[in-house]
């Protein structure tokens, strides 16, 4: 019965002690073969091109080329390889950038060896994997209510109220009554609105407002 081929792994990390410790630990796993180590992103890309590993364990902060740029380059040349980020960088922007670059997983260096090996095997089988902290951060981000953009943020709330009524086709007298303002105050508001929106007349302001969803 043929022996199953080991998962061929390239480790890219600029911390020699961590890199060596990880290599020794992974070399002890029968299902894993560490084929090379790289100390910077540029070397990781070159080694991946030459050795065609199944998985690249990639740090983010490295000299010459960071891990995200290296991931993007490897995926462009060798999409059959999978990149698993293993780093201390835990901000959501870096996680999302890594995913957009083509990484299949993201773990923090505080993960235990068992978690790293499990992640390597999972990614080797085509799965996406995230450490618990990273997964929670992604879920929290997705669960945040979407803040809808306010139309014409340069206007005050009262100016926006006036513009909404203009977009509805209301004359100054109705606007004054609706907002409990004097006719003169309404005119002053309109002057400021026209200036801020860089329009010259009421009709143009109304058209701009309706296009932005006011007065519908």
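Just so it is clear, glycine is given a Cβ too, placed from its N, Cα and C backbone atoms.
Listed features, source TrEMBL:
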DOMAIN    8-124  domain 'Response regulatory'
MOD_RES   59  4-aspartylphosphate
DOMAIN    148-213  domain 'HTH luxR-type'
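Here the Cβ of residue 59 (4-aspartylphosphate) has 26 other Cβ atoms within 10 Å, regardless of which shown protein chain they belong to. Taking H, G and I as helix, E and B as strand and the rest as coil, DSSP gives the domain 'Response regulatory' (8-124) the counts 56 helix, 26 strand, 35 coil.
With DSSP classes pooled into helix, strand and coil, the tally for the domain 'HTH luxR-type' (148-213) is 44 helix, 0 strand, 22 coil.
Confidence for the domain 'Response regulatory' (8-124), expressed as mean pLDDT, is 93.
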